[in-house]
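Everything on this sheet refers to the single structure shown next.
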Amino acid sequence: MYLISSHEMLKDAQRRGYAVPAFNIHNLETVQVVARTAARMRSPVILAGTPGTYRHAGVEYLVSICQAAAHEYRIPLVLHLDHHEDEQDIHNKVEAGIRSAMIDASHFPFEENIEKVRSVVTYCHRMGASVEAELGLLGGQEDDLIVDAANAKFTDPLKAAEFVRRTGIDSLAVAIGTAHGLYKEEPRLDFARLAAIREQVDIPLVLHGASGVPEADVRRCIELGICKVNVATELKIAFADAMKAFLGSHPDASDPRQYLVPAMAAMEEVVEAKIRMCMSDNKI
Ligand code: 13P
C-alpha cells in the first residue's frame, strides 16, 4: 500500500459532515497505535509529523513504517508534513513518498505568505500531493514553533477567500482561538468568525491545537466546516504518564516490550475518544 494525499479524504469528510483526525506521531509505537485504532474503528486518519519528528525518526524510517501499517491494516493512510516551513525540505520529503504537506508561512506578511504557499502548491500538485496552509497565527508552542498569545492573530474571512483563490491550496488552517499545547484556561473559540470564513471559503478547513478543547466545541466547529482536527499534546501526555506510572511501580523494569505496552494502551484510549469526537468512525 502507498501513502495517499489528503485531498479526497478531506473532501469526503466535508461532503458527509465529519472531520478526519490528524494525530501527531513520533516513532514505531505511536504509528502502530494510531493505525490499529483507526483500522479497528474504520476511521480515515492522518499521521502527522513536525520537522522535529522527521529529524528524530528519519524520513525513510517514518515513510516505511507508515507504508507497513497501511499494508498490515489495509486502510488508506496519509502521512502528513505538519508545520513545515522550508520549501526544499518539503520537496525532499515528497520525493521520499509523502503526499500531504502543510507549508506554514503564516508568520510572514500576507503577500509573502501567498507567494511561498503558491510555489509549494505548484510543486506538490504536480507530484500528486495535497497542500494545507495557514492564515492568521495560532498561539502556543509546537516543537520549536513558539507564538505568544499577544502575537496570535485570528483569520480574517475576506482575506481567507483571497488567500485560497490566489494560492490554490487544498485545505486552510484557521486561527479562531485555539492554541498549540496545553491551555491555561478553557479556550474561547470564535464560532461566528468560523461561520464567516466558511461563507467565503469552500475548501476543507483545519483546526489546529485541539488538545484540551471541549468535545462540544470541536463538534460545533465540525458543524461549521472544520474537516480536519489536529491532536498532539494529549497523546504525548497519555503515553508519557502511563509509562512513568509503570516505571514508578516497576523500578527494575528495563524491557521496552513491557514498559511501552501500558503507554500504547493509554494513547489508544485518547485516539479512540478523538475519533468518536470527530465522528470519523465507520466512514471507510
Ligand atoms: P495540540 O498539541 O494542541 O493538540 O495541537 C496539535 C496541532 O495543532 C498540530 O499541528
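Backbone N, Cα and C atoms are what each Cβ position is placed from, and that goes for glycine too.
Together with His83, His180, TrEMBL lists one candidate of His26, His125, His208, His250 for binding Zn(2+) 1, that being His208. TrEMBL annotates Gly209, Ala210, Ser211, Asn230, Val231, Ala232, Thr233 as dihydroxyacetone phosphate-binding residues; of Gly177, Gly181, the candidate listed for that same site is Gly181. Listed in sequence order, the binding-site residues among Asp104, His208, Ala210 whose CB lies under 6 angstroms from an atom of ligand 1 come out as His208, Ala210. Distances between the Cα of His180 (Zn(2+) 1 binding site) and those of the recorded positions Asp82, Asp104, Gly209, Val231 are shortest for Gly209. Residues Asn24, Glu142, Thr178, His180, His208, Gly212, Glu234 surround the recorded dihydroxyacetone phosphate site, their Cβ atoms falling within 8 Å of the Cβ centroid of Gly181, Gly209, Ala210, Ser211, Asn230, Val231, Ala232, Thr233, which are themselves excluded.
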